[in-house]
Amino acid sequence: MTAESRLPGGRYDTVWASPGRVNLIGEHTDYNDGFVLPFALPHSTVVAARRRAEPGWSVTSEQTGETVTFHEEKVEGWAAYVAGIVWVLREAGHEVPPADLWVASDVPFGAGLSSSAAIECAAMAALVELAGADLPMQLRPRLAQRAENEYVGAPTGVMDQAASTLCRAGHALFLDCRSLATEQVPFDLAEAGLAILVVDSKAPHAHVTGEYAARRRSCEDAAKLLGVTALRDVDVAGLDGALAQLDDEVMRRRVRHVVTEDQRVLDTVAALRSGSLRAVGSLMTASHESMRDDYEITVPQVDTAVRVALEHGAYGARMTGGGFGGCVLALVEEDDCGSVAAAVREAFAANGFAPPDTFVVTPAEGTRRVSLSR
Ligand code: GAF
């Protein structure tokens, strides 16, 4: 059942859908002005909107049936993702007309698949249309990020909002998080007989907590000590020299992750451009090792999923997203999806972990207008 088919019956002025994402490679590089390579999931969040006569906005969740109505006051909880978009559009000088909104989603929550960016970007698209505002897609990710940073209070980078807004079906989005320059990189797994298997580890995932903020702070402190604007300005050729200037061993490891991860994104893009899809596997695994050993953001469940996938023939595997739980991506032969998924499930059971979810994904379309046929 698609998210849009779960919207309550009725007349809407407009309906928009924005997807969740997985990040093929480039983790914790976005807030360092670096490179990322996400693609959109087939799972999306749909926001339907209708103008209303009385002032204010309401948002109703299809999932819980709850309606939150707000005016100027600060909203907390899930509705903050929508209220934050109203706030940021008004901050940017757009007049947002009073409206009732309905939200339905099939993006798994709290799994590191960007359910928050999906609701933000769909709400933004619906409200921009109601407002009749001229706000090009390219400018929307920064605004949605600002809503998440300043209204919701999560110190994230721009990757998730950019992925949810700008991704194209059949492509990964090569994004320079400093300039926001993009390249749609063809990523046709089926043609190569490959698949990306997602393992949702079901380990609790919450990057609003201190660990994400601490990683970000450590990177910003390191950039200051090195005299650069952001760690993006250190490349692998200059890495040893940069590390030699830092006294703190933990900070050195954080810097090494970010600098080598940026290079792995560039190497992955080069591999995809030359059609060497299988070569991406070793870069994914190196990325995971760097997140595990240097950035220290993995947990036993995701490390187990990666190890078992590799033992059962995956070309590469890595955690995707902010970390401390969430999902693992494994690059596998299409025919091996079932056996790799079964091996991971067995290993989770043997370790006493909650059963994971496993599913195969292909790169889907970013934010799109939906025509309801009913
Ligand atoms: C989360 C954040 F929201 C992103 O901005 C990004 O930093 C990611 O973690 C890690 O790459 O999804």
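Each Cβ is built from the backbone N, Cα and C atoms, and glycine gets one as well.
TrEMBL: automatically predicted annotations, no manual curation.
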Out of Tyr212, Tyr315, which does TrEMBL tie to the same substrate site as Glu27, His28, Thr29, Asp30?
Tyr212
How many Å separate the Cα atoms of Glu27 (substrate binding site) and Leu113 (ATP binding site)?
13
If you measure every Cα to Cα pair among Glu27, His28, Thr29, Asp30, Tyr212, the residues listed for substrate, what is the largest value in Å?
13
Taking only the Cα atoms, work out how far His28 (substrate binding site) lies from Arg21 (site 'Transition state stabilizer'), in Å, as a whole number.
15
Around ligand 1, within a Cβ distance of under 6 Å, which of the binding-site residues His28, Ser61, Ser115, Ser116, Glu148, Tyr212 show up?
His28
Pairwise Cα distance for Leu113 (ATP binding site)/Arg21 (site 'Transition state stabilizer') [Å, integer]:
5
CB neighbours of Gly112 (ATP binding site) within 10 A?
28
